[in-house]
Amino acid sequence: MTAADTGTALDTLERRCAAAGHRLTPLRRQVLSLLLRRNGRATAYEIINDLPSVGRRPSPPSVYRALEFLMKIGFVNRVAATSTFFVSVTDGPRRHTVLLVCAACGATEALEDEGLERALSQAAGSAHYEVDGGQTEVNGICGACQRGLAPA
Ligand SMILES: [Zn+2]
């Protein structure tokens, strides 16, 4: 993720918070920024470790609360398969996200596919369910790992 992408994501976060009347605390902004610095994917432990060691460090529970906030507003997903937090800026908090997760290197990608979303919504509807946010994790092997080029 480039510095420009990071700036755009932070700007979008700021706008979304303002529009929804949420307070964008310095910690919420910092947690998103640290996640972006790790290419949009990190464990809570890594984020806590990445916090600057100068001044008063936020407590781990406050970092978790910031992550929960980012999940609630649709900026971050928790990936169960890898126990990581993944930045996936969606249009709103209620969208269902399909995540592709590499079983070899942990690379994660949000799958943008309207047809798939429609099919999921229809299938859930047939079972008298309404899809309401959440996510589906699809395990597989990423392209880089298939070619033996996975990052170390
Ligand atoms: Zn991989």
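Count begins at 1; order follows the chain as displayed.
Heads up, the Cβ atoms here are built off N, Cα and C, so glycines get one too.
All TrEMBL annotations are machine predictions without curation.
Close to HIS96 (Fe cation binding site) in the fold, though at least 6 residues off in sequence, lie GLU117, LEU120, SER121, VAL131, ASP132, GLY133, GLY134, GLN135, THR136, each with a CB less than 8 Å from its CB. Residues or ranges marked as Fe cation binding site in TrEMBL: HIS96, GLU117.
Residues or ranges marked as Zn(2+) binding site by TrEMBL: CYS102, CYS105, CYS142, CYS145. In this structure, CYS102 (Zn(2+) binding site) is part of a beta strand by DSSP. Counting every protein chain shown, the number of other Cβ atoms lying within 10 Å of the Cβ of CYS102 (Zn(2+) binding site) is 20.
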From GLU117, CYS142, CYS145, which binding-site residues have a C-beta atom under 6 Å away from some atom of ligand 1?
CYS142, CYS145
Counting across all protein chains present, how many other Cβ atoms fall within 10 Å of the Cβ of GLU117 (Fe cation binding site)?
16
Specify the count of other C-beta atoms within 10 Å of the C-beta of CYS105 (Zn(2+) binding site).
16
Around the Cβ of CYS145 (Zn(2+) binding site), the count of other Cβ atoms that are within 10 Å:
17
